[in-house]
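The following features are taken from Swiss-Prot:
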DISULFID  Cys119-Cys202  disulfide bond
CARBOHYD  Asn194  N-linked glycosylation site
REGION    1-22  region 'Disordered'
REGION    26-41  region 'Required for response to orexin-A'
SITE      Trp36  site 'Important for responses to orexin'
TOPO_DOM  1-46  topological domain 'Extracellular'
TOPO_DOM  68-82  topological domain 'Cytoplasmic'
TOPO_DOM  106-119  topological domain 'Extracellular'
TOPO_DOM  141-160  topological domain 'Cytoplasmic'
TOPO_DOM  183-213  topological domain 'Extracellular'
TOPO_DOM  236-298  topological domain 'Cytoplasmic'
TOPO_DOM  322-336  topological domain 'Extracellular'
TOPO_DOM  361-416  topological domain 'Cytoplasmic'
TRANSMEM  47-67  transmembrane segment
TRANSMEM  83-105  transmembrane segment
TRANSMEM  120-140  transmembrane segment
TRANSMEM  161-182  transmembrane segment
TRANSMEM  214-235  transmembrane segment
TRANSMEM  299-321  transmembrane segment
TRANSMEM  337-360  transmembrane segment
Amino acid sequence: MEPSATPGAQPGVPTSSGEPFHLPPDYEDEFLRYLWRDYLYPKQYEWVLIAAYVAVFLIALVGNTLVCLAVWRNHHMRTVTNYFIVNLSLADVLVTAICLPASLLVDITESWLFGHALCKVIPYLQAVSVSVAVLTLSFIALDRWYAICHPLLFKSTARRARGSILGIWAVSLAVMVPQAAVMECSSVLPELANRTRLFSVCDERWADELYPKIYHSCFFFVTYLAPLGLMGMAYFQIFRKLWGPQIPGTTSALVRNWKRPSEQLEAQHQGLCTEPQPRARAFLAEVKQMRARRKTAKMLMVVLLVFALCYLPISVLNVLKRVFGMFRQASDREAVYACFTFSHWLVYANSAANPIIYNFLSGKFREQFKAAFSCCLPGLGPSSSARHKSLSLQSRCSVSKVSEHVVLTTVTTVLS
């Protein structure tokens, strides 16, 4: 996404592409007030956009910060997948804190108000965050694919994950340098350039018209089309491995056919029921691992799907604009403006959506989020949830003992 790029100047306002525009000195101040009142002051629907941006800003910053704190404060959550999730959250915090305010002001005022230096820095950081997000999601998919589909080919470790994260940032910072190099700030009303930054534009300047077509075609393929295609194939194989049919009689097949292992595992952990036999315990461990892998895979698939949907509109619009030259003389300019504005917002909404996904699809993250808010809402603390779970387990203990005896006897017979 390009936070500085706008579809064009406001309708009815003279631009540098038209006739020379001159104002008598006495009328400059009056003209600026006129521009602010009729063109720059937010319209009613733009106030809705501002509220949506503010909501995304707060949710993204708070949510992604809590994700980082949850992994940092809990050693049992420092898994390879969670390291990559933290890296994704850091990229979301970066783009939200630095790029979102600029995008909001550009979308509302259609003016670049931050000067020449930030005209290069902010779009560059935006491109870097996109690259980091795509590469991080790709490494997550690759790690899950190896762990589930080919566990003997590659052993993932936390040290390798940290090295991969450093490599992701190094590659992203390097390959996005051209984005900063081509960004320039200019005014569509040069006569007022020394009086105001209104109607200044931060946009790309290329030496030849062919270069942006090549660059943005490659950008779309490398940061969207190709990685999403590869990740889709990886998760398809993961889905088949975790939910597909298995050879009858194998342990994995038994895991799929046994529908209620959670009560027994929780009861054993709390010491409420008798301890099962060693081989049965191994089976229960595999049940737990299978269920955990399913939950993790489901969460990561949702994260990838939301990312693809949120980045699709701006990716397509940028290709249409930069590669095919559309929207330069758009007849219905308000519709084009609305499309670009909504697509910009969707990119930041993705940053806010990720912590929400973790909350609903990951029990560990949900407990940590509840613990973080427990100072304000004591009923949300993990201790309350644990007490409720303990009472529930005690009420089921007698039933669990009987079902455990029957199931474990059957499992032991089959596995012998």
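Think of each number as a place in line: the chain as shown, counted from 1.
Cβ coordinates are placed from backbone N, Cα and C, and glycine is handled just like the others.
For the topological domain 'Cytoplasmic' (141-160), the DSSP-based tally of helix, strand and coil residues reads 12 helix, 0 strand, 8 coil. When each of 120-140, 161-182, 299-321, 337-360 is checked for Cβ pairs under 8 Å to the transmembrane segment (214-235), 299-321 comes out on top. Between the transmembrane segment (161-182) and the transmembrane segment (299-321) there are fewer than 3 Cβ pairs closer than 8 Å, counting only pairs 6 or more residues apart in sequence, which means the two stretches are not in contact.
Under 8 Å from some Cβ of the topological domain 'Cytoplasmic' (141-160) lie the Cβ atoms of residues 78-81, 83-84, 230-231, 234-235, 237-238, 241-242, 293, 296-297, 300, 304, all in the same chain and six or more residues away from its ends. Confidence annotation: the region 'Required for response to orexin-A' (26-41) carries a mean pLDDT of 68 in the model. Cys119 (disulfide bond) falls within a helical segment according to DSSP.
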